[in-house]
Amino acid sequence: MLISVALGQVLSLLICGIGLTSKYLSEDFHANTPVFQSFLNYILLFLVYTTTLAVRQGEENLLAILRRRWWKYMILGLIDLEANYLVVKAYQYTTLTSIQLLDCFVIPVVILLSWFFLLIRYKAVHFVGIVVCILGMGCMVGADVLVGRHQGAGENKLVGDLLVLGGATLYGISNVWEEYIIRTLSRVEFLGMIGLFGAFFSGIQLAIMEHKELLKVPWDWQIGLLYVGFSACMFGLYSFMPVVIKKTSATSVNLSLLTADLYSLFCGLFLFHYKFSGLYLLSFFTILIGLVLYSSTSTYIAQDPRVYKQFRNPSGPVVDLPTTAQVEPSVTYTSLGQETEEEPHVRVA
């Protein structure tokens, strides 16, 4: 359980690094280039993972994958790109508080999509943990308002709020699709295809929408270092997230990422001289308590009304089925570890 929570916090720290480098670029150097920043990440994914697929043999080769599933990955690449773009764009129209609150919309999106498409079933303790996490997020937003943290322009809140909701929805779709791919196919295939189509679409969007902004960037070694830092954190996030999702779930990962704003805020206390409030610590520990509650027991998969698969969530205990228990006839229970395809089925009649 603690390993599960700790892995999610590593992702949050990477997002903190992404946020800090983006803040320096936009506010200190007036480099507003979100598409270019995404383009750099997709290029790195392409160079590492797409080329890996290109040198593989057989059905895992790049061309073989493209022949079978090219249009699916094309849609996924576009969804992933626009999810990032919409949320970043929302900062120009609405307030920080609105973005923090509405960005939590990704959690119900992931839960619903996981329920209907991945057939994941939750227990009462999971919903309690989710509610506690969202309460912790609300506590953080309340602390921002009380200490008067800079909220942004907020010139057209309706447009900004709609952009955040749209971005959160696309994030949810991308995360659930990612979980499906890494459980049924492979992490390298997912990252390789995201790198290929993400670089393609972001390159087009960059040429159309952001080429003038890119020419205005006052290039020097400091800006170059910030772009390198941003790209390294983003590449690390994309590379490590599938590992964490496979060990936990897309829902668990998104709950863990709620602490990313708090890490950014704690760094901002020293770097940007933010005002401190005890509510920030309360918010942090409330979210962690919610994560522990969510991770304290396993979810399960209902393949159909009579067949169930039990996830062995590393954060939850292994369940031993007693031979004398009264179990519904013809129900199949399995535990999915890291090697799901090799796990033997245990049939309880």
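Cβ atoms are placed via backbone N, Cα and C, with glycine included.
Automatic, uncurated: that is what TrEMBL annotation is.
Annotation source TrEMBL lists transmembrane segment at 39-58, 70-87, 99-120, 127-146, 158-178, 190-209, 221-241, 253-274, 280-302.
With a cut-off of 8 Å on Cβ pairs spaced 6 or more residues apart, the transmembrane segment (190-209) and the transmembrane segment (39-58) reach 3 or more such pairs and are scored as touching. When the stretches 99-120, 127-146, 158-178, 221-241, 253-274 are ranked by Cβ pairs under 8 Å to the transmembrane segment (70-87), first place goes to 158-178. The transmembrane segment (158-178) makes no contact with the transmembrane segment (39-58): fewer than 3 of their CB pairs lie within 8 A, with pairs spaced 6 or more apart in sequence. Residues of the same chain lying 6 or more positions beyond the ends of the transmembrane segment (39-58) and with a Cβ under 8 Å from any Cβ of it are 64-65, 81, 188-189, 191-196, 198-199, 202-203, 206, 227, 230-231, 234-235, 238-239.
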